Each structure stands twice: as structure tokens, then as C-alpha cells.
Amino acid sequence: MTILDFLPLFAGIGLFLYGMNLLAKAIENLAGAKLEQLLEKLTSNKWKGLALGTGVTAIIQSSAATTVTVVGFVNAGMMKLAQALPVIFGANIGSTATAQILRLGDLEGAGILLKLLKPSSFAPIIIAIGAGIMLMAKKKKTKNIANLLLGFGILFWGMTTMESTLSPLKDSPAFQEMFLTFTNPVIGILVGLAVTAIIQSSSASVGILQALSSTGQVTFSMAFPLILGQNIGKCLTVILASFGTNRNSKRAVVVHVFFNVFGAVLCLCGMYGLNALFHFSFFSEVVNRGDIANVHTLFNLITALVLMPAVNALVTLSGKLIKDDDSAKTNQALDYLDDLFLKNPSLALEQCRKVFEAMGHALRENLDTAEDLLLNKYDPKKVSQLEENEHFLDKCEASLSEYLVKVTRKSMTEEESHSATEIFQCVSDYERIGDYCVNLSETAEYMYDNNDRFTPEGQKEIRLLFSAVRQILDTTLVAFDTETPETIAAVEPLEEVIDVLTDVLRKNHIDRLQNETCTVNNGISFIELLNNMERISDHCSNIAVYIIQKHKINENFNRHTYLDAVHEGHLTGYQNLYEQFYKKYVDALGTQEADITAEVKA
């Protein structure tokens, strides 16, 4: 045979790989977000996870796609590592479905049904049907169905082309000698690994091996190490996908590699060890497509069954190999913003809300730290932690804004669009609240440097104000998370009471200055504190209004009209809540302060 005789072989390989890629993409497009939702919901039990990984991969014809998706879920915090591993094991088993389908080429017989089941017969029919549907298709779903049929047909047509090209080689002495080198298990594993790593698909490389088996020159001793190497080689795609992910997803990849390497060592030692004892006759026998498919399936099935009871131990082992550091823990929330979820805007927006939850914890922690620094012992270590939280909040704002821009470029429902707008509006308010907490810590530092402290009366008032601001912050965070009307309604009356309270405290402080019971420096710090606390309350009010605006978007909602109605007491339940908060915070100051409050309200 000349080089020209091999040109159809390259065409066959190209058709085979293209068909497999077209088939996988068509199935993924038809499944849409259902694949991600299915993986997320059905992993509570590890055996369910194994079955799910097997089934999904058998359908989409790509273990890499399933494994990369699972790694993305682990990276985003939607799936724990212990939940992910059984799905990955199942993906390895499911990847053998292609080989089992390709064994149809071994069917022999004169019956019309058997002839139609051979790839050389049904592939052209499927391609013709797929092409016909594609020419007439207008809807996206119909085009995906056409691509599915075309991919399936082209895959088998490529297989048939490879077989017909390789068929003359069965009588070639040079070809027979080349295959003899694969009887060395180490060489066989390395060749199988290299081929699969290059084409990034174990299903494709096993399919090529099945095509080679049509020459009648491939024995079990040649095919076995090649299949082991092919299973190790498929890890490359997942390894590449793990770059830039968090440590937990890297652990999932480590276990995926371990699965295939461990399985290869186990099967290699087991098979060659037993052969040394029993001298299996099938070692030198020629294998066909079905034999190769069975070895491929049994390798993954046996490895999965051996490792399934050790899932928790593998989680522990991977944790020791890839350890956490403080910065990874601090920025873990940012890992929720994985581009994987952009295909489903609803899931992507839910990931954004998880980041908001982490931001809320940081805000609450910084507010408590600021109070501690102002009223108790100044501690530089606490300041450092506060600054770390603020840096985290800044990163969250930038990352969320960038991620939301990507989300809004996708096709969204009206509800998803409103939710994206709400999140976009609120993110800057969250970050600004963090800035005001930093301002409070700077006030504490200024007082510490000047050896200054608030008067006992001032400290009492500040504690009361912190209590009120802490309540409005907590209420706002819960309102954003739950969007319950009762919680949202509590924000604005409390904000109004905090405005009154700060006015009262400002007047009280002026009285202390006039009575010379506090210093001028002390007075500046007190006023700065009041201003920052009032601003935190204002931003909480902004967030509450954005939430209301989201739910009233179709009612021509006007922010200013709404706030005017609130301030004039026209909203149901507002006055009762206002009086409750007023009694809790303003009346708690005492009779003298209550008289001052009357002046403020007047």
C-alpha cells in the first residue's frame, strides 16, 4: 500500500471525530440546563450518583463533558467532593457506551434486519434523514435533532471508512510486526495514553482500535494494554479544565486521575499475574469490536466497584495532597461565579446570590468589629481582619459586576432580567456599607492614636445606635435573601427611626460639648461615627427599595413616589412598625432625650 491508499483512513478518522463531536454538542444543546439540574439534584446517594454519571455519559457520549461539568459544580460549591466522585466514577463507565454501540459492526448474517443493523447500512440512511431535516428545519430544537442524527450517522460512516481502508493491512507482514510491539504492556499503555491525549477522547481512540481489529491482527495481549492506556489518557481534558479552579475541584481531578491509574495498575497486575499462573489461551487470540468493548467496559466497571466503598477515604487523601490555605478560604465565595452556569441564567443568578450571602457575613462581621474597636480595646489584628474582609468585598463587587454583564448578554426571561437588575443595583450598596465600616475603624484608630475615649454617656448612646444599625443590616440581608414582604416592609420604618436617633444623639453631643464634658477631638470622632452609621442605614434602605422595585416593575413603580408615600405614613403597617422601633431605640434614651426628639420631629 502507498501513502495515497491511506488518505481515506485520515478522512475516516476525521469523519469519526467530527461525528462524535457533532453528536455530543447536539445532545448537550437538546438537554440544555437539564443536565446541570439533574446532576445537582440526584447526587444525595453515592450509588445514585454512580448510576447518574453512567446514564448521563452514555447519553451524551462524553465522559469528559460529564466530568468537566461535575468539576465545575464542585468549583462553584454546588456539589460536595464526596457527592462528585461517584458521578465521575459513573462517567468512566458510561464512556464505554460508544464502544458497545460500535460493536454492531461485528453483526453477521444474510437477513435483511441484520444487514440494516450494520453501520455500513444504517449510517447512510441516518445521514440522509438528518440532512433532510436540517434543510427543512427552522426551529433551533429541530436543527439540534438534525445534528444529532447527522453526528450519529457520520460517526459510523467514519468508522466504516476506517475499516475499509485498513482491511488490506491484515495480510501485511510489516503491519503484523508493528502490532507485535504492543504485546509489551508498558509500550501498549504509553501508546494508548498518547493517542487518547492527542485526540482527547477515549471513546474515539477505542473506536479507532475497534476499526483496527477488523484487520484480524489485533490480539488480546495487544489490545489490553492499549485500552488501559486509553483510559488514563482521557484524564488530560479534565486536567486542563481544572486550571484556574479552586482546590476542591482540583481534588476531584486528582481522584479522577487516580481512578484510571489505579484501575490500570490493578487490572495489569491482576491479568498478567493470573496469566502467569494459568496461561490463558485467549491472550494470543484475535479480538473483535465486541471483545474490545467488553474489556473497556469491564475495566471501568471493576475499578468503580472497587473504589466506591473508599469514596470518603479518597476525599481525605485528596485533601492531604492538596491542602487549603487562608486565602483560598477567604475567596472561596468568588468560585461560585463559574462561567459554566452562564448557559442557564437562572442558575447563574442563583450563584450571584450565594456571593451576596458571603458578602453579608463579611459586612456583619465588620460592623461588629468596628463597634468592638470603638468601644473596647483597640486591636490591630482585628483591624487587619476587617481590612481583609473589605478587600474581599471589593473583589466581590468587581467580580459580580463583570459576571452580571456576561449573564445579561444571554437570552433571559423577564423575571431573570428583573432579578439581574436588582442584583446589579444592590452590589454597590453592599460594597459601600463595607466602606463605611472601614471609616468606623479609622475613627477608632484616630482615637487610639490620640489616647481618646468616648464619655460613658456617649458610649451608651453608641451601643444603642449600633444595635439599631445591626438590626437594619440583618433585616436587609434577610430581605434580600428571602424577599418576604414582611421583612422588606420593616426596613424603611427602621431607617426613619435611625435618622431620628442620630439627630437626637447629635443634639446630645452638642450639649456635652457646650457643657465641656467631652473634648473637641472626641466630638469630631462622634460626629464622624454618626454620619457613617446613618449612611449604612441609608444604603440598607436603597437595597430594600430595589427589592420592592423588582416585584413592582410592571406597576410603573417610582422610587421617589414610593418613599414620599412612606414618609407621609400612607403605607399599611408602616406606622405600627415605626412606633415599635421608636419605642425600642429612641424612647430607650430616657425622658430628656425624648423631649429633644419631640423637637426633632417638629
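The backbone N, Cα and C atoms fix where each Cβ goes, glycine too.
Taken from TrEMBL, the feature domain 'PhoU' covers 358-443 (among others).
Here TrEMBL flags 463-544 (among others) as domain 'PhoU'. In terms of DSSP helix, strand and coil, the domain 'PhoU' (463-544) has 74 helix, 0 strand, 8 coil.
Summarising the annotation, TrEMBL assigns transmembrane segment to 50-74 (among others).
Within the chain, the transmembrane segment (81-101) has long-range Cβ neighbours (under 8 A, six or more residues past its boundaries) at 20, 39, 43-44, 46-59, 61-63, 66-67, 70-71, 73-74, 202-203, 206-207, 210, 231, 234, 248, 251-252, 255-256, 259-260, 289, 292-293, 296-297, 300-301, 303-304, 307-308, 311-312, 314-315, 318. Residues or ranges marked as transmembrane segment in TrEMBL: 81-101 (among others).
Outside the transmembrane segment (121-137) by six or more residues, the chain places 115, 143, 145-154, 156-157, 160 with a CB less than 8 A from a CB of the stretch. Here TrEMBL flags 121-137 (among others) as transmembrane segment.
Per TrEMBL, the feature transmembrane segment maps to 144-162 (among others). With a threshold of 8 Å between CB atoms, the same-chain residues lying at least 6 positions outside the transmembrane segment (144-162) that come near it are 8-9, 11-27, 29-30, 102, 105, 119-120, 122-127, 129-131, 133-134, 137, 207-208, 210-211.
As annotated by TrEMBL, transmembrane segment applies to 182-199 (among others).
Within the same chain, residues 88-89, 92, 185, 189, 224-225, 228-229, 231-232, 234-235, 238-239, 299-300, 302-304, 306-307, 314 sit at least 6 positions outside the transmembrane segment (257-278) and bring their C-beta atoms closer than 8 Å to a C-beta of that stretch. Annotation source TrEMBL lists transmembrane segment at 257-278 (among others).
Below 8 angstroms of C-beta separation, residues 46-47, 50, 81-82, 85-86, 89-90, 92-93, 95-96, 227-228, 231, 251, 255, 258-260, 262-264, 266-267 of the same chain, each at least six residues beyond the ends of the transmembrane segment (298-317), sit close to that stretch. If you look up TrEMBL, you'll see 298-317 (among others) marked as transmembrane segment.
Within its own chain, the transmembrane segment (182-199) has Cβ neighbours under 8 Å at 17, 205, 208, 219, 221-222, 224-234, 236, 264, 268, 272, counting only residues six or more beyond its boundaries. Each residue of the domain 'PhoU' (358-443) gets a DSSP state, and the totals for helix, strand and coil are 77 helix, 0 strand, 9 coil. Confidence in the domain 'PhoU' (463-544), given as mean pLDDT, stands at 92.
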